[in-house]
């Protein structure tokens, strides 16, 4: 029997599993949630003899929510209950993503983050331990079932509209832009030498190339370029490791946590910026009441200019990428990243030497850093930052993200991350489709009273500073009271 046939057969058995729970009935004849012994019975299957059938246990949300520890992780997908404790360390997206959803309904996160659900189902089957009891709602009781239903219907509509299919020409034009800029920089060096004027010019060209590489790797890391995951993974290695010199696996494990729990402390690594910065409303008050003062937080908006903007790429991301590659032994990424430096030494070494080429690499990263810092932070830092509140997928993403007004320049400058809301709701959607689905998302938000924020890009830049000042004021009030 082929694997697919086995799965179909097991699903048909699962569908009849209610007949196996006769010893879990209450006195009134209704099924009772049972997380204890598994029930087995023999069945005839296709005339080939007796087969052992495993009946699904029934669980309540109260029982599932107790399994939310790193050493004991259950989660729910489409009313099915899975024990992912042992699988977490093998999860391609990293173990922390699963831990962030332990004890919760992960249906919408599961659909959002995976490209081919049929393949992922193969990994889920052995982890299945039961299902929600019939009297239990499909999601936790604090979530709005109508909102969840409407969002899932929207996703189905977008799938019918083919909004998750990529225009390969669009992405290859962006890749061509990156490669042309690099070749142009090299040709300018060949013809005009390595004087200061030429060095400044090629640094600008390489900065644009690197920034656009950041946006392209972001697309591919979310599997939005090809229909097959393996081609996305290979292209991601090429763009992130070979063109940018950073680890693809490090980025994915970090970035996926941000996506499933944006602005939720401490699950989102992007807001784990203490003690250098205090952001949001609760962290500053906590530090203030405890009289914690590592730096002068009254001036943290100035540190953003002096530290975060110039050092995000050349120092923080670069060192973290190298550290993670080494400690976790990402040998494939190490080989790919090595090819980045080898390529630069071959291309620019004859003009600048080894030390000069290293200086050029980090000069470009230094110039690129404010660009990436502004684009990535303007849609999140000014938004709500909180601890886990276990909201539905739509609400979780909407309160933590905002959009920037569309224009040709804004689309190009931000890598279409000016549509941050649509991107967070549908991470695998190709970015050239964001503007098409935005009106539908906005309409759904209006229906359920969710604020859909869309602002000018300069205001978004300024909101970062205003948010840091607000957090500093909260710290001061708590510290000096």
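Backbone N, Cα and C define each Cβ position, glycine as well.
In TrEMBL, annotation is done automatically, which means it is predicted and not curated.
Annotation comment: TrEMBL describes 1-33 as region 'Disordered'.
Summarising the annotation, TrEMBL assigns compositional bias 'Basic and acidic residues' to 1-11.
The compositional bias 'Polar residues' feature in TrEMBL is assigned to 15-27.
TrEMBL lists 56-133 with the feature domain 'Cytochrome b5 heme-binding'.
Per TrEMBL, the feature transmembrane segment maps to 164-189 (among others).
When Cβ-Cβ distances below 8 Å are used as the criterion, the transmembrane segment (195-216) is approached by residues 171, 174-175, 177-178, 181-182, 184-185, 188-189, 239-240, 243-244, 360, 363-365, 367-368, 371-372, 414-417 of the same chain, each at least six residues removed from its ends. What TrEMBL lists as transmembrane segment is 195-216 (among others).
For the transmembrane segment (302-321), the list of distant contacts is 245-247, 250-251, 276-277, 295, 337, 362, 365-366, 368-370, 372-374, 377, 464-465, 468: same-chain residues at least six beyond its ends, Cβ to Cβ under 8 Å. Residues annotated as transmembrane segment in TrEMBL: 302-321 (among others).
Residues or ranges marked as transmembrane segment in TrEMBL: 341-364 (among others).
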Provide the three-state DSSP residue tally for the domain 'Cytochrome b5 heme-binding' (56-133): helix first, then strand, then coil. 31 helix, 21 strand, 26 coil
Averaged over the domain 'Cytochrome b5 heme-binding' (56-133), what pLDDT does the prediction give? 95
Folded-back contacts onto the transmembrane segment (341-364), same chain, C-beta under 8 angstroms, at least six residues removed: 182, 186, 189, 193-194, 199, 203, 206-207, 210, 242, 245, 314
